[in-house]
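Here is what TrEMBL records for this protein:
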type: DOMAIN; residues: 16-298; note: domain 'ABC transmembrane type-1'
type: DOMAIN; residues: 331-566; note: domain 'ABC transporter'
type: TRANSMEM; residues: 12-31; note: transmembrane segment
type: TRANSMEM; residues: 58-85; note: transmembrane segment
type: TRANSMEM; residues: 133-151; note: transmembrane segment
type: TRANSMEM; residues: 157-178; note: transmembrane segment
type: TRANSMEM; residues: 242-263; note: transmembrane segment
type: TRANSMEM; residues: 275-296; note: transmembrane segment
Amino acid sequence: MRKLIRYLKPHWLFVLFAPLLMVLEVAMDLLQPRLMASIIDEGVMKGNLSLVQSTGSWMLLVAFIGLLGGIGCTIFASYASVYFAADLREDLYKRVQSFAFKQLDRFSGGQLVTRLTNDVTQLQLFVEMILKIFVRSPLLTIGSIIMAIMISPKLAIILIASVPLLFIVLFLLIRYAFPLFSKVQEKLDGVNNVLQENLRGMRLVKAFVRGDFEQKKFREQNTNYTEFAVKAFRIMALNMPVMMLIMNITIVAVLWFGAGQTWTGNLPVGELVAFINYVTQVLFSLLMAGMLMMAVSRAKASADRVNEVLIIEPERQSSVVQPIDHVRGHIEFNNVSFAYDKDQDLILDAVSFEAKPGQTLAILGAAGAGKSTLIQLIPGLYEATEGTVLLDGKNVLDLPLDELRKHIGYVLQETILFSGTIYENISFGKSDATQEEVDAAAKAAQAHEFISRMPNGYETNLGQRGVNLSGGQKQRIAIARALLLNPAILILDDSTSAVDVKTETAIQKALKTEWRHTTCIFIAQRISSVVEADHIIVMENGKIAAEGKHKQLLEESALYQDIFASQQRKEEIVHG
């Protein structure tokens, strides 16, 4: 929790004025019973109407001042908590943006969403509550006890005796509630994960008629969340009744013994009324403290989860931050090995190869061979466990990542498009691109023709994740987005899998002519996609099983021959 205090520092004026105004309200609350006692004993009991009127006027003024203090405190506390949450949420978002791929693998999308929304909201409510109650509760408790002792030390013993009972109740409730609130947030992660997966894959669910199965899966997660939430709130529900019971017993005891003192003339009626008011103030302030402690339990659970994100170090950056003016695109892998975790098996094992500037390097292999992992090491998305990845003779770990990535066009295996126009999606990496530049990139990616046929052309709005486009159209827009950067290195991670052979050939031809100085590295599944490559690498179990040109591999590599033969048989079956 202490680590999050820094988010309140920019708003210190709000944090300062909220409790100060609460002090004013508490002072007025402590004054009210004394004025009431004066009205009863000196005014009503003695028939002094003028004193009733004058003291009553003072009571109204005191109540009004207290009201202003309370309103002011609430306003400043709200400002402080809202700005605190906004800054924290923004910092969390920035931190997530700075994660390396390895760090992103630690969290699911649902876990991050919960932390940026629900957990931050819990902390916001806690900050608002603590600014209003943290000062009010102890001041009102101590002040009321002092005022009660001044009225009747004997009756004050009853009040003081009830306070430890209330604290014991609070302690027990918090002790059992905190672990449950941590579980509640964890279960909420599960709900968000299932919800995100289902919304993303809704078309697949409908296509395979798996709605009932997915509803059952969501129901299970939702039930788990509900069960823990009910347990937690059941404990919270005990707070108010138990404390009210202690409060009522205390008030009855005060009335019982206080009535005897009043009957004997040792305690005026007005003083007894004032004493009961102070007892009520003490008990209600402790009740508010109980609510605050419950909020602490929830906030502590949320703070721990938020800190899990904040303590992760941002993605590595070179200590020398300077622009990389010229990149030739010469890539070398020297005995590179990689594992996602120390305790896991190697995904890449002693991989070495070279891609010269302007060359086209194709990577072929079965699923799980390590192809995607290999190319993710080039822009520094992951760091090699052993060996070095060199760009123009320099270790990529020594280069500023942001500058390095400006020279790399990367098309992911999963095509990601954003809500917005086609133009905005293509110019995502170059917001100042002209229409002519966007057109040129789209033409090279064989996307210009189908875009032009759309009613609004490049200004056509895409649905979420580009739902109104086919798989091949999405891939071509993603390729155009990468080409617009005019990169020194172009990486295509199986980015033409949904494109027909004719269109793929046209894209490769455009790359060979208009982007002939660009080093192109692409992963492919089809032999037809790699035939014209300058160099082909065949991966198997994280190692390079064979490499060379198409004809050379057909003659020398049994694995390449098997892949070629299996694809030939498939084509023969398809074409009869």
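Backbone N, Cα and C define each Cβ position, glycine as well.
Among the listed stretches 58-85, 133-151, 157-178, 242-263, 275-296, the one sharing the most Cβ pairs under 8 Å with the transmembrane segment (12-31) is 58-85. Confidence for the domain 'ABC transporter' (331-566), expressed as mean pLDDT, is 88.
Between the transmembrane segment (157-178) and the stretches 58-85, 133-151, 242-263, 275-296, it is 275-296 that has the most C-beta pairs under 8 angstroms.
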